[in-house]
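See structure below.
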Amino acid sequence: GFAARAGAAARPPAPRARGGACVAAAGTSGVGASGECRVLPLPRSGQGLRELSSQKKFDEIKKANQAAAKKLVEDQFSSSSEDDEEDAEVKQGKILAKTFTIYTSQTDGDASELERTRQYMNEAFQSGAMTCLICIASVKRNQAVWSCCGCFCIFHLVCIQKWAKDSLFLVSSPLTDDDFGKKDYPWPCPKCRFEYKRSETPSRYYCYCGKVENPTLDPWLVPHSCGQICEREFKPSCGHKCLLLCHPGPCPPCPKMVTTTCHCKKAKPVARRCSAKEWSCRLPCGRTLPCGQHACENSCHAGDCQPCPRVSKQRCICGRQTAERLCASPQWQCDQVCGKPLPCGNHTCEQVCHAGPCGDCPRSGKRSCPCEKSKFTLPCTEDVPTCGDSCDKVLECGIHKCSQRCHRGPCEICRQEVEKQCRCGKHTKRMPCHKPYLCETKCTKIRDCQKHQCRRKCCSGNCPPCDQVCGRTLGCRNHKCPSGCHRGSCNPCPETVDVKCNCGKTVIKVPCGRERTIKPPKCKQLCSRPPTCHHSTQEKHYCHFGRCPPCRQSCQKTLTCGHLCPVSCHDEALVKQTGLHQSAGPWEQPSEPAFIQTALPCPPCEVPIPVECLGQHEVSPLPCHSANPYSCKRLCGRLLDCQNHTCMKECHLVTKLNGSADGKKAGPECSQCEEECTKSRPSGCPHRCVLPCHPGDCPSCLQMLKIKCHCKLSVLYIECLKLTCADLKEKELLISCKNQCPKELPCGHRCKEICHSGSCPLNCSQKVKLRCLCKRLKKEIQCSKIQEGQVSLECDALCKEMKRKASEV
C-alpha cells in the first residue's frame, strides 16, 4: 500500500505550456484522442533536468513513505496502551513467573515478600500505568528511560536530562549566586526530591540493573529489562546480591539463608533468611538496667534496654524532700530555694535545690560602678555608688555614646540629629539618630522569578524572593502551581487521581492528568445493573462501562402453539436502517449504515412434531409452525378394486369409506384401473383373458387350438381348455393322430408304435435273417437282438472243412 501510494504521489505531473496546453516530452506520441495536447520537442538539456527533478521527487517521497511505515509499525508494536487485552493477562503472568523463578527456586523464597516489586512490574505492564511525570505522557517500550534510585519512578531520558539542566541553571544562576560555576550544585528528582550531583546527570540509556546499554526490545521480557540476573547490592547492604531477573522497582528482601543467634545471645544459632536474621528468642533479657539495681524483664529485644519501669522512694538533690519516682531517673530537683547562710554571714543562698557547696557571697570582693569605670571594695551589705563620671556607653544606634552621668539601668535612646541616607540610597534627610529613614520610592528591580517587580518602598537592592504564588497551570491541566513565583518549569503535579471502574470497587491511582487518557481498570466484580430485557436476571458478566452486552439467554416466551421460544433473547436486537438517507449526488461519500435497537418478534416454532403424510406412507418430524399433513411425493400404492394394480398417483388424501378397516385399500380419490387382464394363463394356453383387469381367476378358455400331431403329418383341432387341463398322458393321447409312427429306426425299419411324442423305442421287433461268415448257415432273429449284439451265428465244422478245401484249391 505504501509503495503504491509512493508511486502515485511521486509520479510527476504532466508539464504544461504557458498557454495552458499540455506539452509532452520529446519522442512521445503526438495528439491524444481529444486533440487537446500537442507534442512540442524539448531541448535535451531541459529534458535531462526534468528527468532529474522527477527522480529526485520520487526518491524523497519514497523515503518519507518508508519512514512513515516504519514509524507506524514501531508505534503499533511498542505502545503499551495498544496491546491486545485478551493475551495481555496471560502474557503478563508468564513473564512475572519467569522473573521470580530464580528467587523462589534456588532459595525457597516466599513470593509474599515480593509484593512491592511485583507491584512495580504490574505497573510496567498495565496500559498507561508507566507515566513520565515531567511530560505527563505514557512511557512506551521502545523509548529510552531513566529510573530514580530513591523512589524508582521512571522518566523519559530526554525529559530527565532537560529537567536536570534546568534545575542546575536555576540554582546556579548568576542572578542569585555569585559563585556561579565554582560549586557543584545538585539537582533533585521530580517526584521524591532525592538529590543527585551534576556528574550523575544521566546521558545514556541503561537497563534497570545498569549492565546493558540500550537494551533490545523483547516482548517476552519486562519492558526496558536486559533479561539477565539483577545482581544489585541489597539495601541495607548484607554482602549478597539480588537474584531476580533485571526488574523495575526496589530489590526484594535478601532471600539467602544465614546462621545467626538471637538479640540476647542466649539461644543457639539457627538458619534464617538474611533479610530477617535479627530475631528474638522470646526469653527474658536479664541485662542489668542503668539504675544498677534491677534486671531487664522484657523479652529478648534489639538495641539498648528500656529505662527501669519500677518506682522507688528517692531524695531530691538537696536532700530535703523524698518522693516516689521512677527508678530510671534517680536525680531530681525540688522547687525550694536553698536558703543556706553564705560565708559572709549576712546573706543566704538564693539557688534552687542544688548539689555541692553554695559558694561565696556574690556581693563580696571588688565591685564596679554602673559605668564600669571605677571599682570599690565595700562590705557585702552596702551597694556600690555611682562614680559621677559620664556614662560613655555605646547607644543602640552603634555610633554615639551615652552623655549622661554614671547611672543605674539602661541608657536612653539616641536623640542626636544626623544627616541620614535612606535604605535605597537615593535620598538624604536630617532627623533624630534613633529613627529609621525610609523614602517612598518603590523598587523597580525584577525579583528572582524574572516576572514581577520588587515594588518594595526604599529597597536596599537585595530584593527578597517573590512572595506571590506561581499560579501557572500544571501539566496535568487540573491544578495550578502552589509554589512561590519561580523561573523555569513548574514541578510535576504531586496529586494522584483515582481511576475507578464503573461500579467503583476497583480503583487504581494514576498521576494527575492521566485520568483522561488511561483506560479504566478491569474490574473482577460482576455487573449489578438490572436487566433491560424481559428476563428477571441477566447473564453474569464483569463490571463494564457503556451498555451491557446483548442478552444471550434463551427467550423462553410462550408461543401461540404452547411451546417456549428457544432462541437467544431478541428484545434488544440491532436492526440496520436502510433507505433513510438519499445521496445528493455521486460526489457525496456514502455514510455509515444506521442501526436501531428494537424488539423482534419470536421466530416460528421449530420444535419437531411427528406428522403422517397424506397417503400414510411415513411419519416425519416437521417444525411446529408447519406441522400440517403433507405429500411425501411417493406413489400412492393403494390396491385398486381390480386387486392387481396399485394407485400410481402422487401421495394424496384418501377418504376412508364407512366400514372399511383396511388402510391399504384404494379410496374414491385413487385412480381407476384401465389395464387389460395381465394374469398368467394356464400353461400351454396362448390366448389372453377376454375380460378387462378383474379380481379373482380368469374364465376358462374356450378357443380351439390348431396343432400338429406328434408325427407332424396330421393337423388336429383341440379345445384349449382340454389341452391345458389335461395331464401328460391325456395330452399324449389328445395330440396323437392314432396312425403308425412314420419315423425310421436306426436299424432302418419303420417304427411300429402309434403316433407318439419323443424318440422312437429302439427295440425293433422286425424279423431278419442272420448268416454265418461263409454264408452257408442262416437263421431268423429279432432286429433288436442283432443290434444289441446278443446273438451271433458261428460256422460249424462242415463250413470249416469246405473253407480248408477251397484254400487248398
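A Cβ is built for glycine as well, from the same backbone N, Cα and C atoms used for every other residue.
Keep in mind that TrEMBL annotations are predicted by a computer and have not been checked by a curator.
What TrEMBL records for 238-256, 291-310, 344-363, 397-416, 424-445, 449-468, 476-495, 533-553, 642-675, 685-703, 747-766 is domain 'NF-X1-type'. Residues or ranges marked as region 'Disordered' in TrEMBL: 1-20.
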Secondary structure content, the domain 'NF-X1-type' (397-416) (per DSSP, counts of residues): 0 helix, 2 strand, 18 coil
Beyond the flanks of the domain 'NF-X1-type' (476-495) by 6 or more, those residues with Cβ under 8 Å of it: 133-134, 136, 163, 166-167, 169-170, 173, 190-191, 447-452, 465-470, 511-514
The domain 'NF-X1-type' (397-416) [mean pLDDT, rounded to integer]: 87
Tally of DSSP helical, extended and coil residues in the domain 'NF-X1-type' (449-468): 0 helix, 2 strand, 18 coil
Per-state residue totals over the domain 'NF-X1-type' (747-766) - DSSP helix, strand, coil: 0 helix, 2 strand, 18 coil
Tally of DSSP helical, extended and coil residues in the domain 'NF-X1-type' (344-363): 0 helix, 2 strand, 18 coil
Cβ contacts under 8 Å made by the domain 'NF-X1-type' (747-766) with residues that lie 6+ beyond its boundaries: 709-711, 713-714, 732, 735-741, 782-784, 787
Secondary structure content, the domain 'NF-X1-type' (238-256) (per DSSP, counts of residues): 0 helix, 2 strand, 17 coil
Residues of the parent chain within Cβ reach of the domain 'NF-X1-type' (685-703), under 8 Å, 6 or more residues beyond its termini: 641-645, 673-679, 719-721, 723-724
Number of helical, extended and coil residues in the domain 'NF-X1-type' (685-703), per DSSP: 0 helix, 1 strand, 18 coil
Residue counts (helix, strand, coil, in that order) that DSSP gives for the domain 'NF-X1-type' (291-310): 0 helix, 2 strand, 18 coil
Residue distribution over DSSP helix, strand and coil in the domain 'NF-X1-type' (533-553): 0 helix, 1 strand, 20 coil
